[in-house]
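Undergrad: Pasting the feature list from TrEMBL:
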- C:CYS44, C:ASP46, C:HIS105, C:CYS108: Zn(2+) binding site (BINDING)
Number of protein chains: 4
Amino acid sequence: MPHLPDHLLTGYRNFMSGRYLAESGRYRSLAREGQSPETMIVACCDSRAAPEAIFDAGPGELFVLRNVGNLVPPYAPDDQFHSTSAALEFAVQSLKVKNIVVMGHGRCGGIRAALDSTAAPLSPGDFIGKWMSLIAPAAETVSSSTFMTATERQTALERISIRYSIANLRTFPCVSILEGKGRLSLHGAWFDISTGELWVMNKETGDFERPEMT
Amino acid sequence: MPHLPDHLLTGYRNFMSGRYLAESGRYRSLAREGQSPETMIVACCDSRAAPEAIFDAGPGELFVLRNVGNLVPPYAPDDQFHSTSAALEFAVQSLKVKNIVVMGHGRCGGIRAALDSTAAPLSPGDFIGKWMSLIAPAAETVSSSTFMTATERQTALERISIRYSIANLRTFPCVSILEGKGRLSLHGAWFDISTGELWVMNKETGDFERPEMT
Amino acid sequence: MPHLPDHLLTGYRNFMSGRYLAESGRYRSLAREGQSPETMIVACCDSRAAPEAIFDAGPGELFVLRNVGNLVPPYAPDDQFHSTSAALEFAVQSLKVKNIVVMGHGRCGGIRAALDSTAAPLSPGDFIGKWMSLIAPAAETVSSSTFMTATERQTALERISIRYSIANLRTFPCVSILEGKGRLSLHGAWFDISTGELWVMNKETGDFERPEMT
Amino acid sequence: MPHLPDHLLTGYRNFMSGRYLAESGRYRSLAREGQSPETMIVACCDSRAAPEAIFDAGPGELFVLRNVGNLVPPYAPDDQFHSTSAALEFAVQSLKVKNIVVMGHGRCGGIRAALDSTAAPLSPGDFIGKWMSLIAPAAETVSSSTFMTATERQTALERISIRYSIANLRTFPCVSILEGKGRLSLHGAWFDISTGELWVMNKETGDFERPEMT
């Protein structure tokens, strides 16, 4: 017997009788002609921050990479398996997306782990520890800001990590060249799970601000 | 000025006046109490196969890792940055998900790249080439199955890669131990973009079959 | 000739024909019976953050101390002239206010001065430099958080200074005793000049959050 | 939970739906471009004499220092924390205000305390006693003027303290130099809570007179 958890089967049936029924033409045409999304999103795995929900995006619209903490490691051509770099390369070189948005969010468990240097590894492999060590220098600085509350430190590092990932995007030659030619734009955004607000990065200052809603 | 591509801003406004307005209580409670998704999905970055759409999932329901080809590399504790292993460790050890679903899909560009051994790298770093080389042995065998059509070879490798990723999941001690205790279930699924059909893996045989829809 | 700047005379005439005309009974009764405000506000001198405007407060409602940076120095009984301690003592002991609110605000020039250790004194007396040195330890820590943007550092220190002033309020025996008896409440708030939003301090965590507006 | 006294929350909601809604453009522009008030007001903390009400002043118009009794201590460069001198220095040197108005008012509790030499200190620190001792010589003389009524003595000291503060303003080199160059004007005013009348100081005579209202 094929088997899926019940909540997924129920959800899938809703999809078939709802969204798919309404958009079957679009799905068929996307299958026939291939995808051509304008935008790549680098987002977190968090169950509360799905990019398609936040951007009300339909099929074919967003090419979405999701990892813990929405991190982009720096360019490092070697013989390792780089899942993030592979997705980036595919989006930029093959799909020729016009925008890359790094979207972080509040109350991120990965960022929390990065700030808690005293936590035991989750497993002997300590994969989360190593992954989040990408932002270790910033995490250490922020951790020592003891005048800030725990939440303030967390938000600060969440936003720092977005700027860090955008800076790393520019270490990829294909990204920096296309951005220089005006054919690729890089953006940052931070989602507040509680209020639903999206704070968008100001490209000049690096600050996060709420866009006009009208 | 903060800046986002227009289609994202428009979508975000729809989210705020639609889904967020309808589910603000749920978002607030998820912010306050943290996420506790039952299920982790390993899916592809493809813009046509968003797990939340296919499973009609609301906020808090799915912890979603997305990379090109929905691949899980084998367990390899070393000093590298493993984004996939980090997400897996976080989902299993910290969130204690009960299910992991590896969801592939038809017309996958990453799988197509794996089948085309003559293609030039997309960039000097060849990140996609290295990433898809995870399934190189299977890709080579399938490529040489010249009695199958190109589409049949593509579908075959898409499904092989799902079984491969599930097998790799079991190389992680935390996964195999919890699966042995009956506290974690592994599933495979394959989404047909054109028809909207989800084919679910039969755990005994490894075959992909359509679930009952009633 | 009595003389006032024109804009003040014009404004005063508006007051007489507007608010005073509408509320003369209230003014007369407040003159006759004395003031009995429930709340003291410690606010900044900034022209953009008048407490009566932000709290839409009428005559008799708010006892308002305003200095640069809305700072409360620690309790220090000596032979100096303590304008802040005098106002605090008068509000708590004589007027018996029930609430003290320390209200800071964004883009505060005093806080900016505290963060800029390289700035020359504004005058040989360097009164601003000495006054803002009350928060020098926090200012130094925040200044060194180079991963944060200038605006992020500024907001961080603005909020830290509110918590600092509230902590100093508790060094006054009359405040801590009455707070302990439940007869005096201490609050923090931060006003965002641009959006008009008031962020209110959470007493448990020290975080600043927006209150429900319904 | 963030928490504010109910009357403040209600007032803040009125502000948002009233004044802020009407003047959001002005608030935004003041946030973006900074404040540049023409006038500094030195006023009392009294809840019945808010300068923004009396001068019908909008955001950005008045830089307001408020302490008990609207006192300016004399210039005293030392290593103490001088909140009044700091605000004065900031207004004159950084904001380059053109006017400073010392505004007293009737029925001032601080002035009453200064006149009552038999009153016990409000607390062991006796901060009000020390603060009001700035005008002790005048207070003693006025107290002994037994031919005047209690109300006359009170009004007399209120007005004396305004002239005293203006004289002290001139002990600050930055004030006296700029006044000498005609770039800074000093003014006195006294507000009658009961009638709403503002009495303005005549610079030649020091008398307080009501301005023409037409």
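From the backbone N, Cα and C atoms, a Cβ is placed for every residue, glycine too.
Note: TrEMBL annotation is automatic and uncurated.
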Undergrad: Cβ within 8 Å of the Zn(2+) site centroid (C:CYS44, C:ASP46, C:HIS105, C:CYS108 excluded): which residues?
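TA: Apart from the listed residues, the neighbours are C:ALA43, C:CYS45, C:ARG48, C:ALA49, C:GLY69, C:ASN70, C:GLY104, C:GLY106, C:ARG107, C:GLY109, C:GLY110, C:ILE111, C:GLU158, C:PHE191.
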Undergrad: Write out which of the listed binding-site residues, namely C:CYS44, C:ASP46, C:HIS105, C:CYS108, lie with a C-beta under 8 A from a C-beta of chain B, sequence order kept, or 'none'.
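TA: Contact set vs B: none.
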Undergrad: Can you count the other CB atoms that lie within 10 A of the CB of C:HIS105 (Zn(2+) binding site)?
TA: 24
Undergrad: Under a three-state reduction of DSSP output, how is C:CYS44 (Zn(2+) binding site) classified: helix, strand, or coil?
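TA: DSSP assigns C:CYS44 (Zn(2+) binding site) to strand.
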Undergrad: With a CB cutoff of 8 A to chain D, go through the binding-site residues C:CYS44, C:ASP46, C:HIS105, C:CYS108 and name the hits, or write none.
TA: C:ASP46
Undergrad: Since the record lists C:CYS44, C:CYS108 as binding-site residues, which of them has the fewest other Cβ atoms within 10 Å of its Cβ?
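TA: Relative to the other binding-site residues in C:CYS44, C:CYS108, C:CYS108 has the fewest Cβ atoms within 10 Å.
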